[in-house]
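Structure first, then comments.
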Amino acid sequence: MMSNRSDFIVPDEAAVKRAASVNFHLEPLRPWLDDPQITEVCVNRPGEVFCERASAWEYYAVPNLDYEHLISLGTATARFVDQDISDSRPVLSAILPMGERIQIVRPPACEHGTISVTIRKPSFTRRTLEDYAQQGFFKHVRPMSKSLTPFEQELLALKEAGDYMSFLRRAVQLERVIVVAGETGSGKTTLMKALMQEIPFDQRLITIEDVPELFLPDHPNHVHLFYPSEAKEEENAPVTAATLLRSCLRMKPTRILLAELRGGETYDFINVAASGHGGSITSCHAGSCELTFERLALMVLQNRQGRQLPYEIIRRLLYLVVDVVVHVHNGVHDGTGRHISEVWYDPNTKRALSLQHSEKTQ
């Protein structure tokens, strides 16, 4: 049977030129894009490249990778996928001509004079179950149990002993999800920055804030993302805390640091934290540790998707996802000054809720 010529898709000349333009602008990154051992290629700012090889990050200086070249790469990529990237639409998700996934963020959604480029290379590795077994892939499966893990027992012992400095340090090191709560002027952001200093310096960090406060002088592999304070998801603003949280999922963060939860983006934060991104740190306004969960639940309900969930389900999700709540207070009336007033850490409740849900679904 003869095939009709319309069965064959022939790229038009314009599409070929657009693909060629993208590949031309990718040339400074070609050594790492062509390296089969590299899984991720990231540009946080002009002149530098971070690559992931065997779950470890490597740094390379690339002097010819200047700001203008990165802007042109973004423009060429947007044209290739028939999208837009500009000051008014500064975030772009696309697939490159060779199949790599790319995420580009330009100002004002990131620091002025910088552009964030994250390229995820597709994996062509094929493994059998026997290959996994030989690599020890199945040796560390933990049965669902009411008993706490050694790390949970360690943290609980530190908290019960009142050694809160060591408790917080280990909570950060063990990648627990931490919420710092308190009233305005209580020192939430200052404590957040102290906790961030306990994060290993070789991790890739992404901050999300409306005002630049979360500086990371000791963590070279970082990206600062920004959104306008008045931006609201319901009003279809192009850049909000929620859109940047979703963008983070394509930027290979080890941790996401969100300066403050204020509204519907709380739903996205919980969703991201529940997806396996441990070690996130954020803050919110609340009068106590217990009220923190009430505040977070109310803010989840400000999200269109969050409103579809029953309040009880939201509360259970919060207890499952949030590991530590630290409440800070400014005792201006009693002379105690800024201090931690409460610490919530209850792995037993978390474990019971998890087992309860598991039993219901069986």
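Just so it is clear, glycine is given a Cβ too, placed from its N, Cα and C backbone atoms.
Database features (Swiss-Prot):
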BINDING   Gly182, Glu183, Thr184, Gly185, Ser186, Gly187, Lys188, Thr189  ATP binding site
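The ATP site, placed at the center of the C-beta atoms of Gly182, Glu183, Thr184, Gly185, Ser186, Gly187, Lys188, Thr189, has further neighbours from the same chain whose C-beta lies within 8 angstroms: His285, Val328, Asn330, Arg338. The Cβ neighbour count for Gly182 (ATP binding site), using a 10 Å radius and every protein chain shown, is 25. If you take the C-beta of Thr189 (ATP binding site) and look for same-chain residues 6 or more apart in sequence within under 8 angstroms, you find Glu213, Leu214, Ala259, Glu260, Ser283.
Using a 10 Å radius centred on the Cβ of Gly187 (ATP binding site) and all shown protein chains, the other Cβ atoms total 18. Secondary structure from DSSP puts Gly182 (ATP binding site) in a beta strand. According to DSSP, Lys188 (ATP binding site) sits within a helical segment. The binding-site residues examined here are Glu183, Thr184, Gly185, Lys188; by Cβ neighbour count within 10 Å, the least packed of them is Thr184.
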